[in-house]
Amino acid sequence: MIWNTNLRWRLPVACLLLEVALIALFGVFVRYDMDADPHWVQEKVIKNLSTDLENEFYYRYPSFQDVHVMIFVGFGFLMTFLQRYGYSSVGFNFLLAAFGIQWALLMQGWLQSFDGRYILVDLENLINADFCVGSVCVAFGAVLGKVSPVQLLIMTLFQVTLFSINEYILLNLLEVKDSGGSMTIHAFGAYFGLTVAWILYRPNLHHSKERQSSTYHSDLFAMIGTLFLWMYWPSFNSAISNHGDAQHRAVINTYCSLAACVLTSVALSSALHRKGKLDMVHIQNATLAGGVGLGTVAELMVLPFGSLIIGFVCGIVSTLGFVYLTPFLESRLHIQDTCGVHNLHGIPGIIGGIAGAVTASIANIDLYGEEGLAYAFGIERSKLNWSPNTQGRFQAAGLFVSLAMALAGGVIVGVILRLPFWGQAPDENCFEDAVYWEIPKEPKSTALRSEDSSIKPPEP
Amino acid sequence: MIWNTNLRWRLPVACLLLEVALIALFGVFVRYDMDADPHWVQEKVIKNLSTDLENEFYYRYPSFQDVHVMIFVGFGFLMTFLQRYGYSSVGFNFLLAAFGIQWALLMQGWLQSFDGRYILVDLENLINADFCVGSVCVAFGAVLGKVSPVQLLIMTLFQVTLFSINEYILLNLLEVKDSGGSMTIHAFGAYFGLTVAWILYRPNLHHSKERQSSTYHSDLFAMIGTLFLWMYWPSFNSAISNHGDAQHRAVINTYCSLAACVLTSVALSSALHRKGKLDMVHIQNATLAGGVGLGTVAELMVLPFGSLIIGFVCGIVSTLGFVYLTPFLESRLHIQDTCGVHNLHGIPGIIGGIAGAVTASIANIDLYGEEGLAYAFGIERSKLNWSPNTQGRFQAAGLFVSLAMALAGGVIVGVILRLPFWGQAPDENCFEDAVYWEIPKEPKSTALRSEDSSIKPPEP
Amino acid sequence: MIWNTNLRWRLPVACLLLEVALIALFGVFVRYDMDADPHWVQEKVIKNLSTDLENEFYYRYPSFQDVHVMIFVGFGFLMTFLQRYGYSSVGFNFLLAAFGIQWALLMQGWLQSFDGRYILVDLENLINADFCVGSVCVAFGAVLGKVSPVQLLIMTLFQVTLFSINEYILLNLLEVKDSGGSMTIHAFGAYFGLTVAWILYRPNLHHSKERQSSTYHSDLFAMIGTLFLWMYWPSFNSAISNHGDAQHRAVINTYCSLAACVLTSVALSSALHRKGKLDMVHIQNATLAGGVGLGTVAELMVLPFGSLIIGFVCGIVSTLGFVYLTPFLESRLHIQDTCGVHNLHGIPGIIGGIAGAVTASIANIDLYGEEGLAYAFGIERSKLNWSPNTQGRFQAAGLFVSLAMALAGGVIVGVILRLPFWGQAPDENCFEDAVYWEIPKEPKSTALRSEDSSIKPPEP
């Protein structure tokens, strides 16, 4: 096959066409929700609100910005660990997320914020769009280094569409709780990405094996991503929770889970190394599994020690996955998972889904209080025959639906991306920025020193 | 000319004198506004406020911190793209911003928060001081690598002064809307800086051409700056908007504009490269133009698709500017624009100003509602004969005033900075940290490896 | 002595045992406070709260996240300045902080949030846990590069315990004001760490002298830490202040102090260099001293110019400390202070404590208003014979108690850490990541270039 990686027409045309289409659709469909509309001044009077603070904006803005940082800096820099793929990691993540949030505003809008004529957007829509794109960033981790930006735009287009449908099924039809998206974001994104990676299997990828490792500084750049994901994960899991105690509780639970996860990740990383040394891959990734695993139960009554247990387990399972499962997936199942998303988002996402089913099914009035239970599970809105047991079963069903959608969707999108004209690189040029980026020449370091000495500023 | 770049007395004396003067002026003039004063406990009772949340602090603190990050990390790291000028980019930006915010608190305070005896500061003053310094950071981008820190302190002193006067004319006399500062911050800062750069023209700058490019890792450091600017720009454009729907709307609009801008920047960057490759300069800069272009209209009724269109146009114009205009400015107009601020802040700032004039002149009661219109444009405070048309014309006038002030001020400051005793470097030592910084010796990388193997920890 | 740095069993066992113990203790003791409990729905009705915003969450969440960033990115990256110790700086800081916050939730909980049966945690507990760990991060700076992660876990265990007791004495028994922790966090952490470093004195540390310096890029990574600490310090000093004006005032004061501190740090750095050049060590550290020095008085009536003076002095003293005191401490007192925490946290912490005593003792009704004074110092809760003078004396006593606890605790912990079986490295392998981390091989840079040219994409 002749690999043509020159994107001079394909990438610009794709970007411009998509953006023009988005503008047209936004023009027809998207308007401000009341909280962001100038008519809100009148609405305040009608609703008898005493203060501007009752605007949804003030409940969610700090969380929104934290989530925004996670998507663009968190995921973007986490993937810069590769020695020669930093531009693409940050840059393509930037591109796909910027496209994805616009498309997600439309897709999620039609399904959830459509008033019959317009999609009415407010801050919650922006958060949900970021969430949706988060699942694309996860999938990007599985195919990192092996796809062109055109392929990424196509993948984003389809994945956002499928994500929105899956989310609609889970949240609106099955009425599951999944505030931090263990199922809808992480498990869905991971298995979607892994399926795509499986279809795009490259038997001769060992030709770019050398570039698939890190350098000293690329690992430090990746830690920027890791830490911003880790620190802001409490915002992620609480961003769209109910006002008040639910947001508050989701933060405490996520904080606890992530802290526990660091200790078990470190423990396993050292225990599994011949000389007891730590591996940056585990510190960069497995330490985050506690946030993934807590995504479904974040606002439920797991209690702080329950959160610690989930973090404890996720750290162990995730590190084990990096050591044993990733090589197995590649050699036996022909799934080349560049970032190990299976260990960070796949399994912990499933753990989170299961934890959610269990936690929901043991909910009771002692734990929540009568009104608390009704508020937490939205029972007043739902059908009368609600019981913790049903909720638990629906939670489990939600997990299966997510996995099924991910696998089916991944196969379809994978087949589309296999077409040979998307500008993908040959196996020996994977994980290499120079394919799609103008790369600066490395400076001659000797030249710098001689200049330095030539400065000779006169003494005062 | 003999270049004396030894700042041993000039820089310390400048810093200490300025700081002592600031302390004296703060002692005479600056006090806390009521919201930050212990008497607020009584004020609450008098004003019949039911909750501490009505303190201005809670409306603006998250936005303030985001803006703060943009000024110090955003601008600071954005400019680290140069291979040997990272210390200066981050460090001098830190210095000038730290000085500038103090001087801005005084200048803006005298013009806008003076009660006849004291300047009363609260969080809004801090945000405005950061905004003011933002325009200095923009100008810094134009002269980056060619000026000494003493020159930067002088430039900051004058630019903050001029900025405050210009801002006073626009906001208080012309009563224009410019919540994100397309005119007051970006256009003013860019053309001020470009004028200074024009006066400081260095005909032999090609002697340090080699150092004017980036390295692989310096480009990644710069992306930290880009992304924090990009992510937090919604906070920038909404930080001093009216409470409630205006802040909310400004966030949605900026979010949309920036997303669209990424796609057109990528499209043009690829289309303009012979082999369709992307250029990091465009990704680092042009992707932000959508935020600049939306600065004036952020809280107005542009609607989400209007924001997308502004972002779309700004991304294209900005990338074109980097490819065609920057070389033209240097070769024909003798304006050496190190960071291309003309493309990122200059033209998009003008676009923003024009968009503001147009958007204001088509404002009507259908779009805003009667009370919404009055609230959005502060009509109750203003003269009776207000009409959208007048507002539009005043907006346009504001843009011209800003440009005129920038050019006139830039000439004056440029002439002052041309004086030969400010410690500036010769042409062949521009863009070089070693002129003003103690630089670590590069480690012998072989040494590290041998040490590594010498560790030989005994097996357990 | 035979140095066994293989931690294969020691580190995993330590982590897992600690985490299991934490889970058990959390299970027995930790529950949600009312604001984070589902019963809050009912509580709102009982307390007649009109809005969910009255949940403590909305007062403190933005500050909490900023503090969180300071602990993990701020301290973590600040310490990456060493050329070969970036993984350990970020990674061990991550580990000790993740463990520390859990243990602090328990220790501080028993002493301050215990209802007789349970520790009731809410967001304020999380902030306080981060604060407590902040003092461990400070101490880590003193011993950086010379201890194993096992030693760090032990140090954290003891230091958190001592911190909590010291904090209880100061805040609950002496009822001192210390909202930003000049005394409890910075002075305590610094002198604790310095005492440990003194006991762990390594006479042959010059063998790893070469690795004790920075490289060009490691200094830029460190600036990420510096700037996030600097920018978010206003949140640090205001995070647990009283609602309303106190939080607002603490932000303004800290903002001013830090800005002044940058100018004097730069001035002294240049003045103390033979050729007037700036030293990155000072820019990275001394610029932050203004935040430390303002920790005790942040919410008191120092007035903006008082804050500037504190920042002015701290910047000077801190830079002088780096130039003259650190070498003196090492050569004469045998205290090897890797990060110069004595200059950044030690002396400025003492300055802060003294400033607090002075400011408190001149408090009066003119400055605060009658109700303001009562609210600021919590007089209604306290004994009747309160006077500014007593408060000042108690503040001074608090400083002495903190220093005494730090020295006594540091000796005990230092002696424990001297035991030879904690996996510490020999003197010639200090400051070296390869001892505890799997390090990537440096890529052959020639290989990359040849690959680059081999790509040869066909022209379109």
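Cβ atoms are placed via backbone N, Cα and C, with glycine included.
The transmembrane segment annotation in TrEMBL covers A:12-32 (among others).
The feature domain 'Ammonium transporter AmtB-like' is assigned by TrEMBL to A:54-430.
Annotated transmembrane segment per TrEMBL: A:67-85 (among others), in sequence order.
Same-chain residues lying 6+ beyond the ends of the transmembrane segment (A:92-111) with a Cβ under 8 Å from its Cβ atoms: 15, 18-19, 22, 25-26, 29-30, 71-72, 75-76, 79, 119-121, 125-126, 128-130, 132-133, 136-137, 140, 149, 152-153, 155-157, 159-161, 163-165, 167-168, 172. Annotation source TrEMBL lists transmembrane segment at A:92-111 (among others).
Marked as transmembrane segment by TrEMBL: A:126-145 (among others).
Nonlocal intrachain contacts for the transmembrane segment (A:152-171), taken as residues 6+ away from its ends with a CB within less than 8 angstroms of a stretch CB, comprise 14-15, 18, 92, 95-96, 99-100, 103-104, 107-108, 111-112, 132-133, 135-136, 139-140, 143, 178, 183-184, 188-189, 192, 196, 398, 401-402, 405-406, 409, 412-413, 416-417, 422. Annotation source TrEMBL lists transmembrane segment at A:152-171 (among others).
Sequence-distant contacts of the transmembrane segment (A:183-201) (same chain, at least 6 residues past either end, Cβ-Cβ under 8 Å): 131-132, 134-143, 146-147, 155, 159, 162-163, 166-167, 170-171, 176, 292, 295-296, 329, 333-338, 341-342, 344-346, 348-350, 352-353, 356, 398-399, 402-403, 405-407, 409-411, 413-415, 417-418. As annotated by TrEMBL, transmembrane segment applies to A:183-201 (among others).
TrEMBL lists A:213-232 (among others) with the feature transmembrane segment.
As annotated by TrEMBL, transmembrane segment applies to A:252-273 (among others).
Here TrEMBL flags A:285-303 (among others) as transmembrane segment.
As annotated by TrEMBL, transmembrane segment applies to A:309-329 (among others). Counting only same-chain residues 6+ beyond the ends of the transmembrane segment (A:309-329), those with a CB under 8 A from a CB of the stretch are 194, 256-265, 267-269, 272, 279, 281-282, 285-287, 289-290, 292-294, 297, 302, 335-337, 340, 342-344, 347-348, 351-352, 355.
Sequence-distant contacts of the transmembrane segment (A:341-363), counting only residues of its own chain at least 6 positions beyond either end whose CB sits under 8 Å from a CB of the stretch, comprise 138-139, 141-142, 176-178, 180, 182-183, 185-191, 193-194, 285-286, 288-290, 292-297, 300-302, 306, 310, 313-314, 317-319, 321-322, 325-326, 329, 335, 373, 376-377, 388-389, 391-393, 395-396, 398-399, 402-403. The annotation transmembrane segment is assigned in TrEMBL to A:341-363 (among others).
TrEMBL lists A:394-417 (among others) with the feature transmembrane segment.
Among the recorded stretches A:12-32, A:67-85, A:213-232, A:252-273, A:285-303, the one sharing the largest number of Cβ pairs closer than 8 Å with the transmembrane segment (A:126-145) is A:67-85.
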